[in-house]
Amino acid sequence: MESNPSIMKVQGACNRPSNHLSIRPSVRPSIARLSPLLLGWHLLGVSMAKDPVRVLVTGAAGQIGYALVPMIARGVMLGPDQPVILHMLDIPPAAEALNGVRMELVDAAFPLLKGVVATTDAVEACTGVNIAVMVGGFPRKEGMERKDVMSKNVSIYKSQASALEAYAAPNCKVLVVANPANTNALILKEFAPSIPAKNITCLTRLDHNRALGQISERLTVQVSDVKNVIIWGNHSSTQYPDVSHATVKTPSGEKPVRELVSDDAWLRGEFITTVQQRGAAIIKARKLSSALSAASSACDHIRDWVLGTPEGTWVSMGVYSDGSYNVPAGLIYSFPVTCNAGEWTIVQGLSVDEFSRKKLDATAEELSEEKALAYSCLS
């Protein structure tokens, strides 16, 4: 996934004057100006239209941001009847590019888009947001040590946490996309104590979708007929794509993926490494990192979190570990989850064989090492 340096803040409507690029949302009509019929419905407590949801995208002028904001404006993230106000933040050197994105949003005339705030000012960008998609981060550059990259991102996400703490709307939901996504989310969680841990997540839905795609291609079935793969652990090359409980819809009912593939060597070898290394393969092919698929999976992550997962289906999300499946508590770790009424719940009671246990432990160990490295950067 692309990383793009950007610092954000996030809460309530921003009323102060600004020199930054923005289109202000129109003022809602007063009740007195509503038609008698609409007024009657209003007095009965029936809402005729949804209030806009404010969605923040950091690093919005970058590749993922450019792919993501039109999806949000079109209703891919929150549904075809949910108006949105987009808050876009990037660093000052990207201000001109950000204005270009703003102009394109205007030109696209999205009916659901009720306003745009495009700015390099973190307070303006983050004021009142209900959902924050954290695409901005510091990318690893040639010659940089792992600790150097971690130190840069710790600094950014500590600042972002303070901004969320001060400015986000109540119950703001946060999705961290920038790498190292799990540990960036953990740092953000640690320095925004008033935000519930359950409201801070990281993106492993991209890996989940990649796993669905590989099974779909292998079996020559529709990807929508494959469900319940699992991504365990870190969004890194230690992640464990697991099909032990995955199924495929067939004319004769749901069948286990393992039974239909009938090739354990592939499922425990090439399948896993293909999903783990898919991002590198795309960079090799495009000479650029995953953008379209990352943006699409971010929409999937938020949509299912807010609107719920289908009955009998789970998805993968990086969430704060409570010790389930003997994963150390206090890590942001990818688990299978179901979502309902805006809340996620880790799927419990799934069997874990010896092969899987080793994979779960290996990725947890890497996350523990990342956590220790991140905390060493704070001292």
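From the backbone N, Cα and C atoms, a Cβ is placed for every residue, glycine too.
According to TrEMBL, the protein has these features:
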type     : residues                                                                               : note
ACT_SITE : His235                                                                                 : active site, proton acceptor
BINDING  : Gly59, Ala60, Ala61, Gly62, Gln63, Ile64, Gly65, Asp90, Asn153, Val177, Ala178, Asn179 : NAD(+) binding site
BINDING  : Arg140, Arg146, Asn179, Arg210                                                         : substrate binding site
DOMAIN   : 53-200                                                                                 : domain 'Lactate/malate dehydrogenase N-terminal'
DOMAIN   : 204-372                                                                                : domain 'Lactate/malate dehydrogenase C-terminal'
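Per the record's binding annotation for substrate, residues Arg140, Arg146, Asn179, Arg210 show a top Cα-Cα distance of 26 Å. Spacing of Arg140 (substrate binding site) relative to Asn153 (NAD(+) binding site) is 10 Å (Cα to Cα, whole number). Counted with DSSP, the domain 'Lactate/malate dehydrogenase N-terminal' (53-200) comes out as 69 helix, 29 strand, 50 coil.
For Asn179 (substrate binding site), the recorded positions whose C-alpha atoms fall inside a 10 Å radius of its own C-alpha are His235, out of Gly59, Ala61, Gln63, Gly65, His235. Every protein chain shown contributes to the tally, and the Cβ of Gly59 (NAD(+) binding site) ends up with 30 other Cβ atoms within 10 Å. All chains included, 29 other C-beta atoms sit within 10 angstroms of the C-beta of the residue listed as 'active site, proton acceptor'.
Per the record's binding annotation for NAD(+), residues Gly59, Ala60, Ala61, Gly62, Gln63, Ile64, Gly65, Asp90, Asn153, Val177, Ala178, Asn179 show a top Cα-Cα distance of 19 Å.
All protein chains considered, the CB of Ala178 (NAD(+) binding site) has 30 other CB atoms within 10 Å.
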